[in-house]
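> Below are the C-alpha cells for one structure; questions will follow.
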Amino acid sequence: MVAIIVHGGAGTIKKEDRIPRVIEGVRDAVLAGWRELKRGSALDAVEEAVKALEDNPIFNAGTGSVLTLDGKVEMDAAIMRGKTLEAGAVAGIWGVRNPISVARKVMEKTDHVILSGEGAVKFARLMGFEEYDPRTDERLKQWEELKKKLLETGEVKHWKKLGELIKGYPEVLRSTVGAVAFDGDEVVAGTSTGGIFLKMFGRVGDTPIIGGGTYANEVAGASCTGLGEVAIKLALAKSATDFVRLGMNAQAASDAAISLATKYFGADTMGIIMVDSRGNIGFTKNTKHMSYAFIKDGMNEPQAGV
Ligand code: ASP
C-alpha cells in the first residue's frame, strides 16, 4: 500500500475565486509526487511534490513566499525519513528556488540537522544551487499595502495591532506547503514555507523544527501548517505520530493533534496532514480552509479540496 498527501497551507482563502487555482496546484503537486512514488521512493516523492508547490507562486513557499517586516524573503523547509530518523532543514534561507532540496542536502551531506540564514545560503551555493529571487510582484504589492496599514496604525513598535491586521488579510498569511508519503517501506515528511507575512527578521517558524512542523518515524509522518508558534509549543508533528504509536490511524491522530491545538490556542490556528506506515491518510484543520490532495493505491485520480 503506497500513499501520498500534500497540503497548500491552512487559513482562510478570502478571495474565493482563487480556490480553483489552489486546488489545481495541490492536485498537480500530488501527481508529481505520485509519479516518483510509483518508482519506489517516498523521499523523492516528497521532494518532487514540495518542489512543485514551491514553484507555484500561489503558495507561500519558494517562489511567492511572503515578505518579512523589512521586505525580505526568509524561507524555512525540512525533510525527514521515518525509517532512519535522518532529517535536514534550513531556516531563514534566501536566494534559492527550492528550499526543500537544500534541506535534503543538509540531511544527506552534513552531520547537522538545521542550517540557518547566511550559513544556509553559503551551503546552498556550495551544493550548486543558483542565485534566485523568489519574490513576486503580487507579494511585493501585498507587502506595500500591509506595511502601509501597519504604519498607519502607529503601533509598529509594540506590535499591538499586528494580530488585528493579520485577521484582515488571512489569505496571505498561511499557505505553507507540505507532503507526506509512504512507499511501502518508509514514511517521509517534508514542509516548506515563506513563514508569516511581516514576521520579524530572524523569526523561525515550526516548519524546520523537527517535531514541531515536520516529523516522521517508523509509524507515521506529519506536516503541519498554521501559526508556527503553536506547533512549536505543542511539538505537534511529533505528538501526532505519538498518537499513531498509541494505536490510532492517521486520520484519528490528525484529529487528536488538531484538538490539542484548539484546546490550548483556540480555533483558526492549525492544520495537519499525515500518512501512517499502513498507508492510511489523515488530514484535519481548525481553520476555515486547508488545501489538500491525496492519492493512494486503488485510486485512479487524486482527491483534492480545501
Ligand atoms: N507554519 C508556518 C509558519 O509559522 C506558516 C504556515 O503554515 O503558513 O511559518
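Cβ coordinates come from backbone N, Cα and C, glycine included.
Annotations for this protein, taken from TrEMBL, read as follows:
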type	residues	note
ACT_SITE	Thr176	active site, nucleophile
BINDING	Arg203, Val204, Gly205, Asp206, Thr225, Gly226, Leu227, Gly228	substrate binding site
> May I ask which of the binding-site residues Arg203, Val204, Gly205, Gly226, Gly228 is closest to the residue listed as 'active site, nucleophile' if we compare their C-alpha atoms?
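Comparing Cα positions, the closest of these binding-site residues turns out to be Gly226.
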> Whose Cβ, among the recorded positions Thr176, Val204, Gly205, Asp206, Leu227, has more other Cβ atoms within 10 Å than any of the rest?
Thr176
> In sequence order, what residues of the same chain, 6+ apart, have a Cβ less than 8 Å from the Cβ of Arg203 (substrate binding site)?
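Once residues fewer than 6 apart are set aside, Arg203 (substrate binding site) is near Thr68, Glu74, Gly92, Gly195, Ile196.
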> Just how spread out is the substrate site if you go by the largest Cα to Cα distance in Å among Arg203, Val204, Gly205, Asp206, Thr225, Gly226, Leu227, Gly228?
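Largest Cα to Cα distance for the substrate-binding set is 16 Å.
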> Give me the count of other Cβ atoms within 10 A of the Cβ belonging to Thr225 (substrate binding site).
32
> Consider only the binding-site residues Arg203, Val204, Gly205, Asp206, Gly228: which of them have a Cβ under 6 Å from an atom of ligand 1? Write none if no residue does.
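Close enough to ligand 1 are Gly205, Asp206, Gly228.
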> If you draw a 10 Å sphere on the Cβ of Gly226 (substrate binding site), how many other Cβ atoms land inside?
30
> For Gly228 (substrate binding site), write down the residues of its own chain that are at least 6 apart in sequence and whose Cβ falls under 8 Å from its Cβ; none is a fine answer.
Gly195, Ile196, Val204, Gly205, Asp206, Thr207, Gly212, Gly213
